[in-house]
Amino acid sequence: MRAVIVAVGVAFLVSLFCTPIAIKVFTRLKAGQPIRAEGPVMHQGKKGTPTMGGVVFILATVIAYVAGHLALTTLPDAQIAQVEPTITALVLLGLMVFSGAVGFIDDFLKVRKRHSGGLNKRGKLLGQILVGAVFGVIALYFPSTMTDSQGTLTNTETVGSTTLSFIRDIPALELTKVGAVVLFIFVVMAATNGVNLTDGLDGLATGASVMVLAAYALIAFWQYRHWCADPNYTQEYCYAVRDPLEVALIAGAAAGACVGFLWWNTSPARIFMGDTGALGLGGLIAGMAMSTRTILLLPIIGGLFVIITMSVVIQIISFRTTGKRVFRMSPLQHHFELAGWSEVNIVVRFWIIAGIGVAIALGLFYSEFLARVG
């Protein structure tokens, strides 16, 4: 627990104090956000606001992970915990960094061309598929070799699973390894695009991501305290996962980094996370769902992202089939802007929706545990 607290604190402070430096640097480099002409008129005042701020909280998360491990070295946890970095950390941080890199290319092209159109859809899609495939393979093909003090193998789990999961793996829904990789690619694409579509108002995606990541930190730490690698817990209710403390540490660090960034990203935003941050967060959230065996729980935890994504899908289908639009504009937050809601009202109300989704998901997770314990 101490390592997680250290990681959260370090991530928050690094993000809080480095974001204003990034604002100055990106302003000097004229790395301002282009605004699409067909967007809400009130957004034209945001033109030129520094973008690519996701670089800050991605770096803050990586730095905090290292700090958390240093804390784990000097203040060992009473339970089973691997002090050295793990494949799990490689997968989760890799998903965040390389998904963020795809977004960075998109942001860079937007800034360079002074136009809201950056990386084309095919290029972004290929980038997401490549990242999902590479880390999906790593997650499935490298089992843990964790041993106890006597050298006995205590954990052989992989980061991901070939079984579809809700709160745990569902044995009846077994996939092949190829099928599991394809599923994970889909989850990466869905999560990255969900966060990206939500990132349309000051602080909206950042605040929602804080809640989702905090939820995953709680889930992973609970799994760590009831881990099948610990002989004190029975197979009836323990969690068959790999390196849950690592997952909790990274989720907590990312949540802390986002809180620090939110100080500067809240309305009126001094900096935007850009596709760098949105895709980075989406990639990490997808990894969290995979590593905690909660893939089918993700649509509830990230309920706001799902609602906003579905508003775009509904708008497209309606327009192509009937020639009519269901919403004044999509994604959904812009519909309410054009309906006269203030930006702050929309953001706070959407945060409430995000919080409700997180609360329901955590309730389901804990209820399942209680049902097993009896």
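Including glycine, each Cβ sits where the backbone N, Cα and C put it.
Feature annotation from Swiss-Prot assigns transmembrane segment to 3-23 (among others). Under 8 Å from some Cβ of the transmembrane segment (3-23) lie the Cβ atoms of residues 50, 52-53, 55-57, 59-61, 63-65, 67-69, 71-72, 75, 77, 81, 217, 221, 245, 248-250, 252-261, 263-264, 270-271, all in the same chain and six or more residues away from its ends.
Residues annotated as transmembrane segment in Swiss-Prot, with sequence analysis given as evidence: 52-72 (among others).
Under the heading transmembrane segment, Swiss-Prot lists 85-105 (among others), citing sequence analysis as support.
Taking Cβ pairs closer than 8 Å, the transmembrane segment (125-145) reaches residues 86-87, 90-91, 94-95, 98-99, 101-102, 105, 119, 153, 155-162, 177, 180-181, 184-189, 192-193, 242-243, 279, 283, 286-287, 290-291 in its own chain, all 6 or more past its ends. According to Swiss-Prot, the feature transmembrane segment maps to 125-145 (among others).
Positions annotated as transmembrane segment by Swiss-Prot, on the basis of sequence analysis: 170-190 (among others).
As annotated by Swiss-Prot, transmembrane segment applies to 201-221 (among others).
Sequence annotations record features per position, and here Swiss-Prot assigns transmembrane segment to 244-264 (among others) based on sequence analysis.
Annotated transmembrane segment per Swiss-Prot: 271-291 (among others), in sequence order.
Annotated transmembrane segment per Swiss-Prot: 294-314 (among others), in sequence order. Within the chain carrying the transmembrane segment (294-314), a Cβ under 8 angstroms from the stretch's Cβ atoms is held by residues 164-167, 183, 187, 190-191, 193-195, 197-198, 208, 212, 215-216, 219, 285-286, 288, 326-327, 330-333, 335, 350, 353-354, 356-358, 360-361, 364-365, all 6 or more beyond its ends.
Positions annotated as transmembrane segment by Swiss-Prot: 350-370 (among others).
Counting residues 6+ beyond its ends, the transmembrane segment (201-221) has Cβ neighbours under 8 Å at 1, 4, 195, 244-245, 247-248, 251-252, 254-255, 258-259, 261-262, 265-269, 273, 277-278, 281, 284-285, 288-289, 291-292, 294, 301-302, 304-305, 333, 337, 343, 346-347, 350-351, 354-355, 358, 361-362, 365 in the same chain. Counting Cβ pairs under 8 Å to the transmembrane segment (244-264), the stretch among 52-72, 85-105, 170-190, 271-291, 350-370 with the most such contacts is 52-72. Outside the transmembrane segment (85-105) by six or more residues, the chain places 52, 54-55, 58, 61-62, 65, 69, 118-119, 123-124, 127-128, 131, 134-135, 138-139, 142, 144, 159-160, 188, 192, 196, 242-243, 246-247, 250, 254, 274-284, 286-288, 291 with a CB less than 8 A from a CB of the stretch. For the transmembrane segment (271-291), the most Cβ-contacting stretch among 52-72, 170-190, 350-370 is 52-72 (pairs under 8 Å).
Tertiary neighbourhood of the transmembrane segment (170-190): same-chain residues 95, 99, 125, 128-129, 131-133, 135-137, 139-141, 160-164, 282-283, 286, 289-290, 295, 298, 309, selected by CB-CB distance under 8 Å and a gap of 6+ residues from either end.
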